[in-house]
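See structure below.
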């Protein structure tokens, strides 16, 4: 790299550091109550009472801002000092010992397997329940057949009407020449398919009757599966049916939709057409129309200057194009400009990210249903979830005359009336019943959905087109600091531990600005603040050093602690596994943060330190996703300390900035090699094929969110093999999240055991299924979960299969990937993407390979 390039890069990094330094400030606040709450006590942490030391300042008539700068210097010599981490943790060890004892007792008492349980059950009871089950399945089959017959009848009426219109038309010959294809009947979609329902079509060429690519679609050649998707969309349109195009992310739902509108436009129905989408995707829609259908008139109906400006823009557009064309707008504008939108007669309505309409009672779906339109199309890359109410909401939107009553729909599929008595059954019998219900209900619901839902998977239709992708799980054992926080969280002592560590770090890391104070004084100050006896102290009893320390504490730290809400145990544990600095930041001046200190707070950052620099040096571009915006701050600090130039998108980044960053990052000439993204805010409507590496710093409870994040770079347009690194801390709450992902994705090769952790198993696998659409999910207390999480943490073996047994790492080598592991993780050869490879390394497991060779 040239000297000029280096200088430019450093300028970028320094600007980023300066912006973040300005953002980190502290102020004074209310006092804090350090007494620990019960595990399930989720009340606020801030106390309204002030300590006696607070009144000390008032006594002298001066506040923090009026005092001279404080400089600490006590008289404890270094050879007389103590170790800060030498405090007695016997209470924590006692709790852990109780957990181990309970684990041993539970192991000894559980003797029978699920198979034995089932074999000893009363045979007549099992037979009776299975008979009821079969009757229920047949009942739902009847309903599916009724719906199919209704759709057939309706489509035949539309077909007959079209035939009659064509016979009376003077342009019949012209129309037949224009189409040059045989119109396909919707009955074709009711024929039995031998292929898997999810894949529907093969990657072959369409048949002779398929619609050809519209002439107005330019600068691209539709792939065979996209032509087949277009054919399906046109068939629905010609049969008077609405539909859901649910192709997996990255298969080109946008270009297929544009092709459909181009076809309709060529058939002399020139609109107006309305496309509504999330704000973040509007520019992408505009770019796609400009690229693939430049001759179609398109308006981006959006603006922040008020209704008058927007309405004038729309009226001018319609005046210019004779009331035709395509209007693209956001959900927010639909809700704001309802009257203007409703006043138009739209020929076609396309709703992008249609899965957002799953709540029938939300205002958006109510307003969209009021829009005057002849046809509706929903686009979604998220598969339909196993929830009757959500499924019916989508069906009601696209076919309101057929799916008009949820109660009737629910009656045919609600199994509660069967009285199968799941509470009194064995786990084995419940599993048998649930599996049978799921299998048959899904089959029957697919019978209903088959005519107007199309979903193709990348691994099927792009098997020979898209570059391969492989996904690893990397075990990132907690550092000593993280393990201390995690155990404290489980034992109900997180607030106290956070306070102690903040005090220690603040007074040891900022001595350049506040002077030196001994470890003994720090310990005394901690004990003083935690004693609860501050109100009994008088002036002559207070050590002058402690008084000075307390002034610094109130000025710089009190706000930090007061504002930290410790109310959600699961969230606390997940954040601890990312970094302890998510709970406090001890530096007076953020620019003083060192790489060494930052790495001590996070085993995951230690893995990045070993893994990412070699990738950057080889020219790879990396996407790093996190669930937590404040974790993105720390990762950005880590990038700055390594002189990596970064872009960033989270919920606070405006649309124009997003667009500019995406364009630059996807350019091969741009020097930014890492893109930091908030998983939820940046998981949709973003194309980042400039990257070939994805890091999931933490996983989402919904595995589809993580898959969408990967699809930002593993999509059409990607030319390089892709590698995904999923960072995970074994035998912690992340183990539960990973179990959920593996289960939902049906990854049989990745066997993840939950053993005796029944409540954690329920938490991992519960998803509000078809079977209990409106029932509460897992009903266990925090105490039950804490107990099992403690047992999981103390397990001697890894439940995922890592060699080193979860957290039982040697802390001297914690987070250290071996050279062999780094070689495996960075291997881009085609050999590394072969299917069914076995990767057996201490910290690394191969989770999944797609489009494998």
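A Cβ is built for glycine as well, from the same backbone N, Cα and C atoms used for every other residue.
Classification of residue 249 (ATP binding site) by DSSP places it in coil, neither helical nor stranded. Other C-beta atoms found within 10 angstroms of the C-beta of residue 249 (ATP binding site) number 20, with every protein chain shown included. Feature annotation from Swiss-Prot assigns ATP binding site to 247, 248, 249, 250, 251, 252, 253, 254.
According to Swiss-Prot, the coiled coil annotation covers 548-580.
Residues annotated as compositional bias 'Basic and acidic residues' in Swiss-Prot: 56-65 (among others).
Residues or ranges marked as compositional bias 'Basic and acidic residues' in Swiss-Prot: 185-198 (among others).
According to Swiss-Prot, the domain 'Helicase ATP-binding' annotation covers 234-401, on the basis of sequence analysis.
According to Swiss-Prot, the domain 'Helicase C-terminal' annotation covers 607-758.
Annotation comment: Swiss-Prot describes 43-71 (among others) as region 'Disordered'.
Summarising the annotation, Swiss-Prot assigns region 'Disordered' to 158-207 (among others).
DSSP labels the residues of the motif 'DEGH box' (352-355) in these numbers: 2 helix, 0 strand, 2 coil. Taken from Swiss-Prot, the feature motif 'DEGH box' covers 352-355.
For the domain 'Helicase ATP-binding' (234-401), the model gives a mean pLDDT of 89.
Counting only residues at least six positions away in the same chain, the Cβ atoms of 381, 458, 466, 711, 714, 715, 716 sit under 8 Å from the Cβ of residue 250 (ATP binding site).
Taking a C-beta cut-off of under 8 Å and a sequence gap of six or more, residue 248 (ATP binding site) has these contacts in its own chain: 381, 455, 456, 457, 458, 711. Listed in chain order, the extra residues whose Cβ falls within 8 Å of the Cβ center of the ATP site residues 247, 248, 249, 250, 251, 252, 253, 254 are 381, 715, 716. The most densely surrounded of the binding-site residues 247, 251, 252, 254 is 251 (count of other Cβ atoms within 10 A of its Cβ). If you draw a 10 Å sphere around the CB of residue 253 (ATP binding site), it holds 22 other CB atoms from the protein chains shown.
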